[in-house]
Amino acid sequence: FVSYQVEILDWKTKKQLCFLDKVEANATIREIRLMFHKLYPRWYPARQSIKLDPKGKSLRDEEILQHLPVGTTATLYFKDLGPQIGWTTVFLIEYTGPLFIYFLFYFRMPFVYGLDERFTSSPHPVVNLACICHSFHYIKRLIETLFVHRFSHGTMPLRNIVKNCLYYWGFAAWLAYYINHPLYTPPSYGKKQINFAVIMFLLCEAGNFSIHVALSDLRRNGSKTRKIPYPTKNPFTWLFFFVSCPNYTYEVGTWISFTIMTQCVPVGLFTLLCFIQMTIWAKDKHCTYLREFKDYPSLRMPIIPFLL
(Lines of atoms letter the chains of each structure in order from A; the text may use other names.)
(Lines give C-alpha, C1' and ligand atoms only; values in the text may rest on other atoms or scores of the structure.)
Protein backbone atom coordinates (compact mmCIF):
# COMPACT_ATOMS: atom_id res chain seq x y z
CA PHE A 1 0.00 0.00 0.00
CA VAL A 2 1.47 3.35 -1.11
CA SER A 3 0.28 6.52 0.56
CA TYR A 4 1.01 10.08 -0.48
CA GLN A 5 1.79 13.24 1.40
CA VAL A 6 0.10 16.26 -0.14
CA GLU A 7 1.33 19.77 0.51
CA ILE A 8 -1.00 22.59 -0.60
CA LEU A 9 0.52 26.04 -1.05
CA ASP A 10 -1.03 29.41 -1.84
CA TRP A 11 -0.54 29.95 -5.58
CA LYS A 12 0.63 33.56 -5.15
CA THR A 13 2.60 33.70 -1.87
CA LYS A 14 3.78 30.04 -1.90
CA LYS A 15 2.86 29.90 1.77
CA GLN A 16 1.91 26.43 3.02
CA LEU A 17 -1.82 26.23 3.74
CA CYS A 18 -2.03 22.59 4.78
CA PHE A 19 -0.21 19.28 4.80
CA LEU A 20 -2.26 16.15 4.18
CA ASP A 21 -0.63 12.94 5.39
CA LYS A 22 -1.38 9.36 4.32
CA VAL A 23 -3.53 10.25 1.33
CA GLU A 24 -4.53 7.18 -0.68
CA ALA A 25 -2.88 6.80 -4.07
CA ASN A 26 -6.24 6.48 -5.83
CA ALA A 27 -7.64 9.65 -4.23
CA THR A 28 -9.21 12.06 -6.71
CA ILE A 29 -8.74 15.81 -6.83
CA ARG A 30 -12.36 16.11 -5.70
CA GLU A 31 -11.53 14.14 -2.54
CA ILE A 32 -8.50 16.35 -1.92
CA ARG A 33 -10.73 19.42 -2.30
CA LEU A 34 -13.05 17.99 0.36
CA MET A 35 -10.12 17.37 2.73
CA PHE A 36 -8.97 20.95 2.19
CA HIS A 37 -12.54 22.20 2.78
CA LYS A 38 -12.61 20.52 6.21
CA LEU A 39 -9.56 22.56 7.20
CA TYR A 40 -10.82 25.78 5.58
CA PRO A 41 -14.65 25.74 5.66
CA ARG A 42 -14.94 29.14 3.92
CA TRP A 43 -13.31 27.71 0.80
CA TYR A 44 -15.93 25.22 -0.34
CA PRO A 45 -14.90 22.90 -3.23
CA ALA A 46 -16.46 25.06 -5.98
CA ARG A 47 -14.29 28.01 -4.87
CA GLN A 48 -11.09 25.99 -5.07
CA SER A 49 -8.73 25.89 -8.03
CA ILE A 50 -6.13 23.19 -7.40
CA LYS A 51 -3.10 23.24 -9.73
CA LEU A 52 0.20 21.45 -10.28
CA ASP A 53 1.80 24.74 -11.26
CA PRO A 54 0.88 28.21 -9.92
CA LYS A 55 0.32 29.52 -13.47
CA GLY A 56 -1.04 26.28 -14.89
CA LYS A 57 -4.56 24.98 -15.49
CA SER A 58 -6.85 23.76 -12.74
CA LEU A 59 -6.89 20.03 -12.20
CA ARG A 60 -10.20 18.28 -12.94
CA ASP A 61 -12.20 16.68 -10.14
CA GLU A 62 -11.87 13.19 -11.61
CA GLU A 63 -8.06 13.22 -11.95
CA ILE A 64 -6.34 10.66 -9.70
CA LEU A 65 -3.36 11.53 -7.52
CA GLN A 66 -1.14 8.60 -8.52
CA HIS A 67 -1.63 9.39 -12.22
CA LEU A 68 -0.31 12.93 -11.83
CA PRO A 69 3.36 13.75 -12.49
CA VAL A 70 4.20 13.95 -8.76
CA GLY A 71 6.20 11.90 -6.29
CA THR A 72 4.88 10.40 -3.07
CA THR A 73 5.22 13.89 -1.62
CA ALA A 74 3.05 16.01 -3.90
CA THR A 75 3.01 19.80 -3.97
CA LEU A 76 -0.23 21.39 -5.18
CA TYR A 77 -1.23 25.03 -5.44
CA PHE A 78 -4.51 26.56 -4.32
CA LYS A 79 -6.25 29.61 -5.80
CA ASP A 80 -9.47 31.08 -4.42
CA LEU A 81 -11.96 31.52 -7.27
CA GLY A 82 -14.24 33.72 -5.18
CA PRO A 83 -17.96 33.23 -4.43
CA GLN A 84 -19.60 30.86 -6.89
CA ILE A 85 -23.14 30.36 -8.19
CA GLY A 86 -24.57 27.20 -9.76
CA TRP A 87 -25.08 27.21 -13.54
CA THR A 88 -28.70 26.10 -13.19
CA THR A 89 -29.41 29.15 -11.02
CA VAL A 90 -27.46 31.37 -13.44
CA PHE A 91 -29.51 30.28 -16.45
CA LEU A 92 -32.82 30.54 -14.60
CA ILE A 93 -32.02 34.15 -13.65
CA GLU A 94 -30.67 35.07 -17.10
CA TYR A 95 -33.63 33.62 -19.02
CA THR A 96 -36.51 34.56 -16.71
CA GLY A 97 -35.61 38.25 -17.00
CA PRO A 98 -36.07 38.63 -20.79
CA LEU A 99 -39.35 36.72 -20.63
CA PHE A 100 -41.00 39.18 -18.26
CA ILE A 101 -39.20 42.32 -19.46
CA TYR A 102 -40.56 41.74 -22.98
CA PHE A 103 -44.12 41.60 -21.61
CA LEU A 104 -43.75 45.10 -20.08
CA PHE A 105 -43.39 46.50 -23.60
CA TYR A 106 -45.81 44.10 -25.31
CA PHE A 107 -48.66 45.01 -22.94
CA ARG A 108 -47.86 48.72 -23.43
CA MET A 109 -47.41 49.68 -19.80
CA PRO A 110 -48.28 53.41 -19.40
CA PHE A 111 -44.79 54.29 -18.13
CA VAL A 112 -43.22 52.93 -21.35
CA TYR A 113 -44.97 54.66 -24.25
CA GLY A 114 -47.33 57.09 -22.54
CA LEU A 115 -51.08 57.19 -21.95
CA ASP A 116 -52.26 58.00 -25.49
CA GLU A 117 -55.03 55.58 -26.52
CA ARG A 118 -53.31 54.99 -29.85
CA PHE A 119 -50.42 53.46 -27.92
CA THR A 120 -52.41 50.75 -26.13
CA SER A 121 -52.44 48.17 -28.93
CA SER A 122 -50.75 47.38 -32.23
CA PRO A 123 -52.54 46.95 -35.58
CA HIS A 124 -49.78 44.63 -36.86
CA PRO A 125 -50.24 40.85 -36.28
CA VAL A 126 -46.46 40.35 -36.55
CA VAL A 127 -46.09 42.13 -33.19
CA ASN A 128 -48.18 39.42 -31.52
CA LEU A 129 -46.28 36.72 -33.40
CA ALA A 130 -42.93 38.18 -32.33
CA CYS A 131 -44.03 38.10 -28.68
CA ILE A 132 -45.09 34.45 -29.02
CA CYS A 133 -41.77 33.49 -30.63
CA HIS A 134 -39.66 35.44 -28.13
CA SER A 135 -41.55 33.91 -25.20
CA PHE A 136 -41.34 30.43 -26.69
CA HIS A 137 -37.56 30.79 -27.07
CA TYR A 138 -36.96 31.67 -23.43
CA ILE A 139 -39.51 29.21 -22.04
CA LYS A 140 -37.71 26.51 -24.03
CA ARG A 141 -34.40 27.64 -22.53
CA LEU A 142 -35.84 27.46 -19.01
CA ILE A 143 -37.20 23.94 -19.62
CA GLU A 144 -33.82 22.82 -20.99
CA THR A 145 -32.06 24.28 -17.96
CA LEU A 146 -34.28 22.33 -15.57
CA PHE A 147 -34.62 19.02 -17.43
CA VAL A 148 -32.00 18.68 -20.19
CA HIS A 149 -28.66 20.39 -19.56
CA ARG A 150 -25.87 18.57 -17.73
CA PHE A 151 -23.05 20.93 -16.79
CA SER A 152 -19.39 19.90 -16.89
CA HIS A 153 -18.62 22.86 -14.61
CA GLY A 154 -21.07 23.16 -11.74
CA THR A 155 -20.56 26.83 -10.96
CA MET A 156 -19.36 30.18 -12.24
CA PRO A 157 -18.08 33.28 -10.38
CA LEU A 158 -20.95 35.14 -8.73
CA ARG A 159 -19.65 38.51 -10.05
CA ASN A 160 -20.36 37.39 -13.64
CA ILE A 161 -24.11 37.16 -13.07
CA VAL A 162 -24.47 40.96 -13.15
CA LYS A 163 -22.66 41.22 -16.50
CA ASN A 164 -24.66 38.35 -18.01
CA CYS A 165 -28.00 39.75 -16.82
CA LEU A 166 -27.18 43.22 -18.17
CA TYR A 167 -26.56 41.61 -21.56
CA TYR A 168 -29.68 39.43 -21.74
CA TRP A 169 -32.08 41.72 -19.89
CA GLY A 170 -30.80 44.91 -21.54
CA PHE A 171 -31.10 43.55 -25.05
CA ALA A 172 -34.55 42.10 -24.31
CA ALA A 173 -35.72 45.59 -23.28
CA TRP A 174 -34.14 47.22 -26.34
CA LEU A 175 -35.66 44.73 -28.79
CA ALA A 176 -39.07 44.85 -27.12
CA TYR A 177 -39.14 48.66 -27.08
CA TYR A 178 -38.79 48.91 -30.86
CA ILE A 179 -40.85 45.87 -31.89
CA ASN A 180 -43.80 46.96 -29.72
CA HIS A 181 -43.42 50.68 -30.39
CA PRO A 182 -46.60 52.42 -31.69
CA LEU A 183 -44.65 53.64 -34.73
CA TYR A 184 -43.28 50.18 -35.58
CA THR A 185 -43.63 49.28 -39.27
CA PRO A 186 -44.09 45.64 -40.36
CA PRO A 187 -41.67 43.76 -42.70
CA SER A 188 -41.36 45.01 -46.27
CA TYR A 189 -42.54 41.79 -47.93
CA GLY A 190 -45.47 41.19 -45.63
CA LYS A 191 -46.83 37.72 -44.94
CA LYS A 192 -44.38 35.94 -47.23
CA GLN A 193 -41.41 37.27 -45.29
CA ILE A 194 -43.08 36.60 -41.94
CA ASN A 195 -44.17 33.05 -42.83
CA PHE A 196 -40.70 32.16 -44.13
CA ALA A 197 -39.13 33.51 -40.93
CA VAL A 198 -41.55 31.60 -38.67
CA ILE A 199 -40.80 28.29 -40.42
CA MET A 200 -37.07 28.96 -40.18
CA PHE A 201 -37.47 29.94 -36.52
CA LEU A 202 -39.31 26.73 -35.59
CA LEU A 203 -36.84 24.52 -37.47
CA CYS A 204 -33.88 26.15 -35.73
CA GLU A 205 -35.54 25.86 -32.31
CA ALA A 206 -36.23 22.17 -32.94
CA GLY A 207 -32.64 21.68 -34.09
CA ASN A 208 -31.21 23.47 -31.07
CA PHE A 209 -33.32 21.38 -28.69
CA SER A 210 -32.32 18.16 -30.48
CA ILE A 211 -28.62 18.97 -30.14
CA HIS A 212 -28.99 19.76 -26.44
CA VAL A 213 -30.72 16.41 -25.86
CA ALA A 214 -27.99 14.58 -27.82
CA LEU A 215 -25.25 16.29 -25.77
CA SER A 216 -27.11 15.52 -22.54
CA ASP A 217 -27.34 11.83 -23.49
CA LEU A 218 -23.53 11.68 -23.62
CA ARG A 219 -23.53 12.28 -19.86
CA ARG A 220 -26.61 10.29 -18.95
CA ASN A 221 -24.74 8.31 -16.25
CA GLY A 222 -23.51 11.51 -14.58
CA SER A 223 -20.01 11.26 -16.05
CA LYS A 224 -18.12 14.50 -16.70
CA THR A 225 -15.75 12.85 -19.15
CA ARG A 226 -15.73 14.60 -22.52
CA LYS A 227 -16.85 12.45 -25.46
CA ILE A 228 -17.08 13.06 -29.20
CA PRO A 229 -20.72 13.83 -30.10
CA TYR A 230 -22.00 12.02 -33.18
CA PRO A 231 -25.23 12.29 -35.24
CA THR A 232 -28.16 10.15 -34.10
CA LYS A 233 -31.28 8.98 -35.93
CA ASN A 234 -32.77 12.43 -35.38
CA PRO A 235 -32.19 14.37 -38.67
CA PHE A 236 -31.59 17.61 -36.74
CA THR A 237 -28.43 16.07 -35.26
CA TRP A 238 -26.97 15.34 -38.70
CA LEU A 239 -25.37 18.78 -38.58
CA PHE A 240 -22.76 17.06 -36.39
CA PHE A 241 -21.33 15.69 -39.64
CA PHE A 242 -20.17 19.20 -40.51
CA VAL A 243 -19.77 21.29 -37.33
CA SER A 244 -18.57 20.74 -33.77
CA CYS A 245 -21.19 22.99 -32.14
CA PRO A 246 -24.46 22.73 -34.09
CA ASN A 247 -26.37 24.01 -31.05
CA TYR A 248 -24.72 27.39 -31.68
CA THR A 249 -25.42 27.13 -35.41
CA TYR A 250 -29.12 26.60 -34.71
CA GLU A 251 -29.13 29.35 -32.05
CA VAL A 252 -27.74 31.88 -34.52
CA GLY A 253 -30.28 30.65 -37.09
CA THR A 254 -33.06 31.29 -34.56
CA TRP A 255 -32.05 34.93 -34.15
CA ILE A 256 -31.50 35.43 -37.89
CA SER A 257 -35.07 34.25 -38.47
CA PHE A 258 -36.33 36.54 -35.69
CA THR A 259 -34.49 39.42 -37.39
CA ILE A 260 -36.16 38.61 -40.73
CA MET A 261 -39.55 38.27 -39.02
CA THR A 262 -39.41 41.64 -37.26
CA GLN A 263 -37.14 43.52 -39.70
CA CYS A 264 -35.83 45.43 -36.71
CA VAL A 265 -32.30 46.90 -36.52
CA PRO A 266 -31.74 46.23 -32.77
CA VAL A 267 -32.63 42.56 -33.33
CA GLY A 268 -30.10 42.42 -36.16
CA LEU A 269 -27.40 43.92 -33.94
CA PHE A 270 -28.20 41.44 -31.16
CA THR A 271 -27.97 38.61 -33.70
CA LEU A 272 -24.57 39.84 -34.87
CA LEU A 273 -23.23 39.98 -31.31
CA CYS A 274 -24.66 36.48 -30.64
CA PHE A 275 -22.88 35.17 -33.73
CA ILE A 276 -19.54 36.73 -32.70
CA GLN A 277 -19.75 35.37 -29.14
CA MET A 278 -20.89 31.90 -30.19
CA THR A 279 -18.18 31.70 -32.83
CA ILE A 280 -15.61 32.36 -30.09
CA TRP A 281 -17.13 29.63 -27.92
CA ALA A 282 -17.40 27.21 -30.85
CA LYS A 283 -13.76 27.73 -31.87
CA ASP A 284 -12.66 27.11 -28.30
CA LYS A 285 -14.68 23.88 -28.05
CA HIS A 286 -13.50 22.76 -31.49
CA CYS A 287 -9.85 23.24 -30.48
CA THR A 288 -10.47 21.31 -27.27
CA TYR A 289 -11.96 18.40 -29.24
CA LEU A 290 -8.98 18.40 -31.63
CA ARG A 291 -6.54 18.46 -28.73
CA GLU A 292 -8.22 15.66 -26.76
CA PHE A 293 -9.23 13.29 -29.58
CA LYS A 294 -6.76 12.21 -32.24
CA ASP A 295 -9.57 10.53 -34.21
CA TYR A 296 -11.80 13.63 -34.23
CA PRO A 297 -13.71 13.95 -37.55
CA SER A 298 -11.61 16.07 -39.91
CA LEU A 299 -14.59 17.40 -41.91
CA ARG A 300 -16.03 19.37 -39.01
CA MET A 301 -15.73 23.12 -38.64
CA PRO A 302 -16.56 25.02 -35.41
CA ILE A 303 -19.93 26.62 -36.31
CA ILE A 304 -20.54 27.08 -40.08
CA PRO A 305 -20.17 24.02 -42.37
CA PHE A 306 -17.09 24.19 -44.64
CA LEU A 307 -16.40 27.86 -43.74
CA LEU A 308 -15.88 28.69 -40.07
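Even glycines carry a Cβ here, placed using N, Cα and C.
Summarising the annotation, TrEMBL assigns domain 'TECR-like N-terminal' to 5-80.
Summarising the annotation, TrEMBL assigns transmembrane segment to 85-107 (among others).
Annotation source TrEMBL lists domain '3-oxo-5-alpha-steroid 4-dehydrogenase C-terminal' at 155-308.
If you look up TrEMBL, you'll see 166-184 (among others) marked as transmembrane segment. Residues 94-95, 97-98, 101-102, 104-106, 108, 112-113, 116, 118-119, 122, 124, 127, 130-131, 134, 262, 264-267, 270 of the same chain sit 6 or more residues outside the transmembrane segment (166-184) yet have a Cβ under 8 Å from a Cβ within it.
Annotation source TrEMBL lists transmembrane segment at 196-215 (among others).
Only residues 6 or more beyond the boundaries of the transmembrane segment (235-250), in the same chain, are considered here, and those with a CB under 8 A from a CB of the stretch are 204-208, 210-212, 214-215, 229, 278-279, 281-282, 285-286, 289, 297, 299-306. According to TrEMBL, the transmembrane segment annotation covers 235-250 (among others).
Positions annotated as transmembrane segment by TrEMBL: 256-276 (among others).
Sequence-distant contacts of the transmembrane segment (256-276) (same chain, at least 6 residues past either end, Cβ-Cβ under 8 Å): 126, 129-130, 133-134, 137, 171, 174-175, 177-179, 184, 186-188, 193-194, 196-198, 200-201, 204. On the 0 to 100 pLDDT scale, the model's mean across the domain 'TECR-like N-terminal' (5-80) is 92.
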